[in-house]
Amino acid sequence: MAVTTMDSESARTPQPQAALTKGHHSLFSAGALSAKLGPQGKHYVCGSIAAFTNIVVTFPIQKVLFRQQLHGVLATEAVRQLQRDGLRNLYRGLLPPLLQKSTTVAIMFGLYEDFSRVLLDRVGSSGVPELITRSFAAALAGTTEAILTPFERVQTLLQDHRHHGRFNNTAHTFRTLLSEYGVKECYRGLIPILLRNGPSNVLFFGLRGPIKEQLPEATSRFGHLVIDFVCGGVLGAGLGIMFYPLNVVKSRAQSQVGGAFQPCRQVLLTVWRERGGSLAKLFRGAHLNYHRSLLSWGIINATYELLLKLISEDEWRG
């Protein structure tokens with residue numbers, strides 16, 4: 001396998017340092033943003049905006065999926081639950097994923113580029129394959145994302161109708177958890193998140209380039225947008241299915257408030273027994289997760305790549 005398998009926007013796009021400034025002023029169209037972001041900061045900004053766009057579009061689908069993961073019900077029943085909750089509760093719990101996802105995707109893309117650059121500089125002459133170095137960078141970025149577990153925790157509680165009467169909003173939920181249970185309670189479900197984030201990041205960045213190479217070559221900006229959407233969507237959907245049981249475990253663990261922290265294996269066995277030892281019931285909601293991930297990661301990848309191209313074009317035009 002070639003060492004260039006790990007995809008990197010910074011590796012594909014020329015970014016000479018001297019081209020970033022000219023005559024002591026920024027080359028970005030607005031005159032300041034590019035200089036403020038720096039050569040790597042744009043990855044954080046583009047990732048954050050891409051995630052923000054995705055969350056606003058797909059949040060109702062995520063709520064249906066969450067109800068299926070938590071209760072093991074069919075999609076039609078999950079939709080009926082949301083209908084009974086009313087339109088005013090449809091976007092209840094939006095703020096935590098909006099903050100969490102915007103930040104984690106920024107970290108995912110930004111730290112991947114930063115870790116890759118630093119590690120490649122350090123081990124460039126040691127003979128370590130670039131694929132291994134970039135895989136390690138992706139795993140580090142994914143592990144760092146887990147710092148924001150409390151946002152997933154609060155999102156779970158706000159989406160669970162059993163807690164509607166106890167938690168009013170994001171700020172109230174955080175205050176209640178911290179005052180009554182302490183910081184540790186905010187990190188319930190951390191282990192399945194760690195088991196999910198690192199490996200999924202490695203696979204996402206490792207396969208993004210090869211998948212894109214197998215797709216037809218784009219000849220227009222719209223064509224590039226479609227290719228990036230398909231590439232991100234296919235990867236996101238596949239990884240969503242692969243790590244679906246971990247998300248079930250996370251949702252079940254995080255729906256609990258107070259009490260002992262149960263190991264992942266114990267939570268999984270509990271869900272398995274409750275659903276009659278049925279693999280189909282364990283994966284209930286996986287088909288909706290597949291389509292949501294296809295849409296979500298298609299939006300994220302296409303928006304991220306489009307924004308990077310726009311910023312790079314402005315830099316070069318200057």
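Cβ atoms here come from the backbone N, Cα and C positions, even for glycine.
No curator has checked TrEMBL annotations; they are predicted automatically.
Here's what TrEMBL has on this protein:
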type	residues	note
REPEAT	38-118	repeat 'Solcar'
REPEAT	129-214	repeat 'Solcar'
TRANSMEM	222-246	transmembrane segment
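Helix, strand and coil counts from DSSP across the repeat 'Solcar' (38-118) read 72 helix, 0 strand, 9 coil.
Across the repeat 'Solcar' (38-118), mean pLDDT in this model comes to 86.
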